[in-house]
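Visitor: TrEMBL lists HIS175 with the feature active site, proton acceptor. According to TrEMBL, the NAD(+) binding site annotation covers GLY7, ALA8, GLY9, ALA10, VAL11, GLY12, ASP32, ASN95, VAL118, SER119, ASN120. The annotation substrate binding site is assigned in TrEMBL to ARG82, ARG88, ASN120, ARG151. According to TrEMBL, the feature domain 'Lactate/malate dehydrogenase N-terminal' maps to 1-142. According to TrEMBL, the domain 'Lactate/malate dehydrogenase C-terminal' annotation covers 147-301.
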Amino acid sequence: MKVTVVGAGAVGASCAEYIAMKNFAAEVVLLDIKEGFAEGKAMDLMQTASLNGFDTKITGSTNDYSKTAESDVVVITSGIPRKPGMTREELIGINAGIVKSVSSSLIEHSPNAVVIVVSNPMDTMTYLVHKTTSLPKHKIIGMGGALDSARFKYRLAEALEAPISDVDGMVIGGHSDKGMVPLIHHATRNSVKVSEFLDSDKMDYVVQETKVGGATLTGLLGTSAWYAPGAAVSGLVQAIANDQKKMFPCSALLEGEYGLNDLCIGVPVILGKNGIEKIVEIKLNDTEKEKLHESAEGVKKTNGLLDV
Ligand SMILES: NC(=O)c1ccc[n+]([C@@H]2O[C@H](COP(=O)([O-])OP(=O)(O)OC[C@H]3O[C@@H](n4cnc5c(N)ncnc54)[C@H](O)[C@@H]3O)[C@@H](O)[C@H]2O)c1
Ligand SMILES: O=C(O)C[C@H](O)C(=O)O
């Protein structure tokens, strides 16, 4: 299994590190436009191999896509992150051009790869890859929901005063401060609905803190987060590499599922060796349906800013 990660910045390097630490890939290529940067990150990471006990070979490349040839999975993290006070949508002007050119170069050298899009605004960047490449729809996946769900579980565990391994929950919808739909009424502690333990104020608090999870970290760090994003991407890559058929909420092109069309938005999917093996349609209540559709309107508005 060969994985390429474009963008050797905070998220790209964290992603490469988690993939290596999980020891399931033979090779990870980090590529960046900044001269020597990816080579430096790759060398630094390789010098952790004997310390951390992995055999994955990590190499770096300054914009030479021939080094990425025949990758099985490619991850796009290239682009600018937001600063405190910004929305992800404000990044579209710069990131759309980067994602368009990077995805085309990647596919030229790895025509059979599964593409995972991370750059923001992620749902719109995922849609852009659908619109500007000829890859089949099951091979283009946006990463957002896996991260948002991890943040949801973090907030649930905090509110429940429970260990995180006790809780389960999922966030669907757009990967944006307003668009996320944490499925609080489906969330559980050891199979028991969390509504049995939390009053409605506490549940509202968990939902709100989950939705602004990225903005909260951006305020604290001065730039956006990277550890949990990198770990979330590595989970998706592993599910594909090991054909795990695991369910994650991912941004997928919808063609009628959930009553939505012609956009990419977070919904539960099964990930395996072919990428998206299946889009899972779960039963939503009327409020959840309404929230998902509102979220879709927001994503479509941002998609409307694309020149495609
Ligand atoms: N989807 C998510 O859940 C999620 C989570 C975290 C971050 N992000 C997004 O990921 C992106 C990267 O964030 P970061 O914190 O790693 O930023 P960063 O600035 O640390 O790294 C971005 C890297 O991309 C490189 N780059 C820029 N243009 C390039 C090009 N044309 N080709 C190759 N490399 C190029 C830069 O040189 C830089 O090293 C941002 O858009 C951010 O908003 C998304
Ligand atoms: O918050 C951001 O801008 C980055 C990313 O989308 C995140 O959720 O951490």
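Cβ atoms here come from the backbone N, Cα and C positions, even for glycine.
How buried are the listed features, and what sits near them?
Guide: For HIS175 (active site, proton acceptor), the number of other Cβ atoms no farther than 10 Å from its own Cβ, over all displayed protein chains, is 30. DSSP gives HIS175 (active site, proton acceptor) a coil state; it is part of no helix or strand.
Cβ neighbours within 10 Å of GLY9 (NAD(+) binding site), excluding its own Cβ and spanning all shown chains: 20.
When secondary structure is read from DSSP and collapsed to three states, ARG82 (substrate binding site) falls in the coil class.
Note: the domain 'Lactate/malate dehydrogenase N-terminal' (1-142) comprises 67 helix, 28 strand, 47 coil (DSSP; helix = H, G, I, strand = E, B).
Within the model, the domain 'Lactate/malate dehydrogenase C-terminal' (147-301) shows a mean pLDDT value of 98, rounded to a whole number.
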Visitor: Which site among VAL11, ASP32, ARG82, VAL118, ARG151 has the most other CB atoms no more than 10 Å from its CB, taking these as binding-site residues?
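Guide: Of VAL11, ASP32, ARG82, VAL118, ARG151, the one with the most crowded Cβ is VAL118.
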Visitor: Please give the NAD(+) site's span as the largest CA-CA distance among GLY7, ALA8, GLY9, ALA10, VAL11, GLY12, ASP32, ASN95, VAL118, SER119, ASN120, to the nearest whole angstrom.
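Guide: Between the most distant Cα atoms of the NAD(+) site, 17 Å.
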Visitor: If you skip the near sequence neighbours and keep only those at least six away, which residues in the chain come within under 8 angstroms of ARG88 (substrate binding site), Cβ to Cβ?
Guide: ARG82, ASN120, PRO121, MET122, HIS175, SER176, ASP177, GLY214
Visitor: Does GLY7 (NAD(+) binding site) have same-chain partners at least 6 apart in sequence with Cβ under 8 Å from its own Cβ, and which are they?
Guide: LEU31, ASP32, ILE76, THR77, SER78, GLY79, VAL118, SER119
Visitor: Between the Cα atoms of ARG151 (substrate binding site) and GLY9 (NAD(+) binding site), find the distance and write it as a whole number of Å.
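Guide: So the Cα of GLY9 (NAD(+) binding site) lies 22 Å away from that of ARG151 (substrate binding site).
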Visitor: Measuring Cα to Cα across ARG82, ARG88, ASN120, ARG151, which the record gives as the substrate binders, how far apart are the two most distant ones in Å?
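Guide: Largest pairwise Cα separation, rounded: 18 Å.
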